[in-house]
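Written out below as structure tokens is the structure these notes cover.
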Amino acid sequence: MSYQDLKECKIITAFITPFHEDGSINFDAIPALIEHLLAHHTDGILLAGTTAESPTLTHDEELELFAAVQKVVNGRVPLIAGVGTNDTRDSIEFVKEVAEFGGFAAGLAIVPYYNKPSQEGMYQHFKAIADASDLPIIIYNIPGRVVVELTPETMLRLADYPNIIGVKECTSLANMAYLIEHKPEEFLIYTGEDGDAFHAMNLGADGVISVASHTNGDEMHEMFTAIAESDMKKAAAIQRKFIPKVNALFSYPSPAPVKAVLNYMGFEAGPTRLPLIPAPEEDAKRIIKVVVDGDYEATKATVTGVLRPDY
């Protein structure tokens, strides 16, 4: 698979990792959840990303997860593998392993967290990962999690690199507009913020890498279709009703809220792994009321404005 395969993907779901109560991966829960996503307009799937609780997964567990999902998906939509860490050497070794494993359209590599590299350090980091294999690389720029921000200027330097094909951008709409205006033609720009998807698509982004698509894929698809048909009034009306649901899904450290909703819907998402904990019972009930029932009053006591998924 290639850039062209991903170019057709508007809604890429950042897949949760289902766990048993003892913390082991619940592989039996994967088929039903995958079929649910594909039935509700997921165009591609990201595995072993932040929403998958990747900091708590070993590389061996990630490879097991990859195999299980590939078996169910069976080529129906493109898959992206989370491959990056804050250790360049480890990222290089894992991207080689994933490339050899096969079956992925791209690897997602996050901006290095905690060690706070310079712009040149980040440039060299991603260049080294891209050079390590023929697996196309998408950069994940999320300063709310990693502390440092890859600037648009550095991003555009990397966009010219042959094996770097896109970015999951979680900085600002201003940065996104600048990147869209100045990027090479074959460079994908996704927002990683569900609440910004309406604005990003109107700016010319390629799509969203989403948490909300686990539970609200139909609404997102309807909104994107309205945008494509230049029906801004309809798209904006959907967005206004969608925002409270996004707020609810990020009102507690993610992916705890979306797992609470999926468990309620009958999918065995299970708990989170420490250090993340499930949403408290009363909070989970409010989240479910908003996301499933559209009961926007349920979240007003604790959520105002637009929450950004910095956590």
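Glycine is no exception: its Cβ is also placed from the backbone N, Cα and C atoms.
Per Swiss-Prot, the feature site 'Part of a proton relay during catalysis' maps to THR50 (among others). Other Cβ atoms within 10 Å of the Cβ of THR50 (site 'Part of a proton relay during catalysis') number 23 in total over all chains.
Counting every protein chain shown, the Cβ of ILE209 (pyruvate binding site) has 30 other Cβ atoms within 10 Å. Among the features that Swiss-Prot reports, pyruvate binding site is placed at THR51, ILE209, with the record citing sequence analysis.
Taken from Swiss-Prot, the feature site 'Part of a proton relay during catalysis' applies to TYR114 (among others). For TYR114 (site 'Part of a proton relay during catalysis'), the same-chain residues lying six or more positions away in sequence with a CB closer than 8 A to its CB are ASN86, VAL146, VAL147. DSSP classifies TYR114 (site 'Part of a proton relay during catalysis') as coil under the three-state reduction.
Annotation comment: Swiss-Prot describes TYR140 as active site, proton donor/acceptor, evidence class sequence analysis. Using a 10 Å radius centred on the Cβ of TYR140 (active site, proton donor/acceptor) and all shown protein chains, the other Cβ atoms total 25.
Long-range neighbours of LYS168 (active site, schiff-base intermediate with substrate) (same chain, six or more residues apart, CB within less than 8 Å of its CB): LEU108, ILE138, ILE139, TYR140, ASN141, ILE142, TYR190, THR191, GLY192, ILE209. Positions annotated as active site, schiff-base intermediate with substrate by Swiss-Prot: LYS168.
All chains included, 24 other C-beta atoms sit within 10 angstroms of the C-beta of THR51 (pyruvate binding site). A helical conformation is recorded for THR50 (site 'Part of a proton relay during catalysis') in the three-state DSSP classification.
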